[in-house]
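Visitor: From TrEMBL, for reference:
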| type | residues | note |
| --- | --- | --- |
| DOMAIN | 27-71 | domain 'Homeobox' |
| DNA_BIND | 29-72 | DNA-binding region |
| DOMAIN | 74-275 | domain 'TLC' |
| TRANSMEM | 83-103 | transmembrane segment |
| TRANSMEM | 123-142 | transmembrane segment |
| TRANSMEM | 149-168 | transmembrane segment |
| TRANSMEM | 207-226 | transmembrane segment |
| TRANSMEM | 246-267 | transmembrane segment |
| REGION | 282-327 | region 'Disordered' |
| COMPBIAS | 297-313 | compositional bias 'Low complexity' |
Amino acid sequence: RFIAKPCAISLGIQDSGPHRAQPNAILEKVFTSITKSPDGKRLEGLSKQLDWDVRKIQRWFRHRRNQDKPTTLTKFCESMWRFTFYLSIFFYGIRFLWTAPWFWDTRQCWYNYPFQPLTSRLYYYYILELAFYWSLMFSQFTDIKRKDFLIMFVHHLATIGLITFSYMNNMVRVGTLVLCLHDASDFLLEAAKLANYAKYQRLCDAFFMLFGVVFIVTRLGIYPFWILNTTLFESWELIGPYPSWWLFNGLLVTLQILHIIWSYLIVRTAYKALMRGKVSKDDRSDVESSSEEEDVTSNSTKGVSSTSSNGSNCINGHVASGQWTEE
């Protein structure tokens with residue numbers, strides 16, 4: 001409210017939503033009570049009832065769906081908050097772990113376990129991370145809805161479970177490694193979103209490609225060969241099969257499965273965005289890009305300049321600004 005919003009306004013981001021649908025009691029009742037995306041049969045019935053063209057009714061439903069979407073200003077403020085936290089906590093973690101012996105030798109995570117001291121810096125690092133993920137757990141129901149809502153819900157559950165479990169069992173050394181590793185790429189994604197909302201497309205593309213590289217290297221490279229290696233094998237060798245070994249590693253492997261799913265989505269999204277980047281113009285007729293009827297109607301329109309799903313202008317040869325951000 002006091003930092004992100006003024007920054008957004010200074011960048012020219014307006015607090016204005018998409019075009020509002022024309023008031024119509026019959027269509028509003030269908031939208032709220034029956035369906036938000038009527039099929040062909042229902043469209044024909046509404047067309048006869050209202051004496052409207054089918055395309056006009058399709059357009060009304062698209063506008064009505066878009067009314068409920070958050071504005072670019074709202075998305076910018078949310079991303080700026082997350083960028084600030086991820087960047088701050090990442091550098092705090094790096095500064096703290098740089099002098100920690102287990103950062104350079106993961107076997108140090110298990111020496112003298114469980115009689116390892118809990119320093120104040122380590123304690124605050126853990127509590128900050130746990131508080132943030134609890135906030136995400138609750139706020140995801142009120143924040144902007146994403147396509148990976150279910151995956152994120154599972155991720156938050158696994159993360160909170162891991163942080164709490166490792167803290168209760170004094171496995172905080174390996175826990176700090178997991179936390180820092182996950183924070184390494186998150187702030188880059190939020191930076192890409194900020195550039196996207198501000199319409200700095202080249203900067204947006206650069207941040208997203210950098211995010212993709214860092215994400216894949218850390219989550220598919222460092223995480224399994226560094227983190228899972230020490231929790232699965234080095235811990236077994238040094239302290240034996242402790243009672244919670246299966247639960248702890250089960251949660252860590254769950255995170256790895258999510259990493260694989262997200263890596264696939266990132267690679268697919270980057271590929272699709274690069275392919276679409278070859279197109280010099282987006283002639284879709286509306287801000288909603290997910291409805292099938294829009295693709296049909298846009299083919300019959302003549303050179304209509306439109307906006308992408310986040311309100312930016314035509315793609316002009318760059319990566320389509322709305323293609324990867326929503327995913």
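Each residue, glycine too, has its Cβ placed from N, Cα and C.
TrEMBL labels come from automatic prediction, so no person has curated them.
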Visitor: Same chain only, please: residues at least 6 beyond the ends of the transmembrane segment (83-103) with a C-beta under 8 Å from a C-beta of the stretch. Say none if there are none.
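Guide: Beyond its ends, the transmembrane segment (83-103) has Cβ neighbours at 109, 121-122, 125, 128-129, 132, 173-174, 176-177, 179-180, 183-184, 186-187, 190-191, 193-194.
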Visitor: Could you break down the residues of the domain 'Homeobox' (27-71) into DSSP helix, strand and coil, giving a count for each?
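Guide: DSSP classes over the domain 'Homeobox' (27-71) add up to 32 helix, 0 strand, 13 coil.
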